[in-house]
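A.B. asks: As listed in TrEMBL for this protein:
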- 284-295: compositional bias 'Polar residues' (COMPBIAS)
- 137-236: domain 'Phosphatidic acid phosphatase type 2/haloperoxidase' (DOMAIN)
- 18-42: region 'Disordered' (REGION)
- 284-303: region 'Disordered' (REGION)
Amino acid sequence: MSSDLRRKQAMADDYKKWSELPYAGEQKPPRNPEEPYAGSWPDYYLRNQPPGRFTTLNGRPIRLDIQHPSSIDWDKELKKVKRAKKHLTRKQATIAEYWGTGVASKQWTPIIDKLIDTYGVTAPRAARILAATSAGMNDAFTTAWYLKYRWNVARPNQLDHELETLLCTPRHPTYPSGHATISGANAEILSYFFPAEKERLVELAKECADSRLYAGVHFPVDNEEGLRLGKQIGSIVVSELWKEENSRGQSIDVPYRENRHAKLTPPPYKQVIDYKFDSTCNSSTENPFSHQHATQPKPKLFF
């Protein structure tokens with residue numbers, strides 16, 4: 001390898017690594033990575049074979065719509081995280097706790113069900129909508145996880161060991177945000193089936209992404225780039241769906257264009273399916289709106 005190439009590679013990786021730094025409140029780098037091989041799992045609407053070579057189902061190369069972490073000023077991003085923490089409102093804390101409870105698909109499932117109910121979707125079409133959205137979430141997660149562990153970018157509380165986050169910091173690299181990526185994909189796919197609800201779906205996707213900044217567990221760019229990547233993956237899913245026909249050569253999908261103004265949650269910021277999650281958290285956390293920090297439940301985060 002030439003010296004120029006080695007120098008370029010070193011510059012490309014000139015940022016702090018998730019696997020090398022402890023979280024705030026901990027003594028050693030994380031040794032329990034969450035699903036480090038999920039990026040190699042099978043996809044439904046795209047291909048990642050060999051690893052890093054993304055293509056459509058028919059083999060057309062895909063250039064992922066996301067910045068390389070070497071082009072990002074992570075110190076500047078950290079300042080934004082600390083500023084958001086300093087000016088955190090009670091409403092933002094509520095938003096963070098709502099979207100940060102359980103796995104990232106938890107809050108989207110009731111949204112899909114409400115759309116199906118509101119628009120009187122038939123049973124076969126409901127199953128198709130659920131299957132397409134779930135497959136899209138799978139592809140969004142596997143792509144995000146591939147990039148997370150390939151790039152290995154440190155979390156905010158690894159760059160500042162005094163940073164106390166609102167919620168527990170997940171045990172995997174920060175970039176891109178999994179919540180943001182699947183939300184961008186979901187908004188795109190569901191807007192294909194329910195175009196009249198697109199504005200509200202995009203709004204929910206952005207709120208979910210922003211919630212990760214409010215929680216202190218992600219940089220703003222994790223969320224912004226995650227949304228963009230998710231939107232791209234969602235559009236790839238849609239490009240396959242609209243080509244599919246029934247036995248009479250008719251398009252299977254007939255989008256619901258009449259706006260029935262589905263009452264999509266949140267608000268209220270109450271889990272549709274409540275569950276008491278494990279509140280164990282090793283990294284430093286603080287809820288500024290609780291008077292009993294020691295006993296404050298901390299929703300366990302996965303993504």
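Yeah, the Cβs are placed from backbone N, Cα and C, and that goes for glycine too.
I would like each feature placed in context: is it buried or exposed, what are its neighbours, and how far apart are things?
C.D. replies: For the region 'Disordered' (18-42), residue counts in helix, strand and coil come to 6 helix, 0 strand, 19 coil, using DSSP.
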A.B. asks: Going by DSSP, how much of the domain 'Phosphatidic acid phosphatase type 2/haloperoxidase' (137-236) is helix, how much is strand and how much is coil, in residues?
C.D. replies: 72 helix, 2 strand, 26 coil
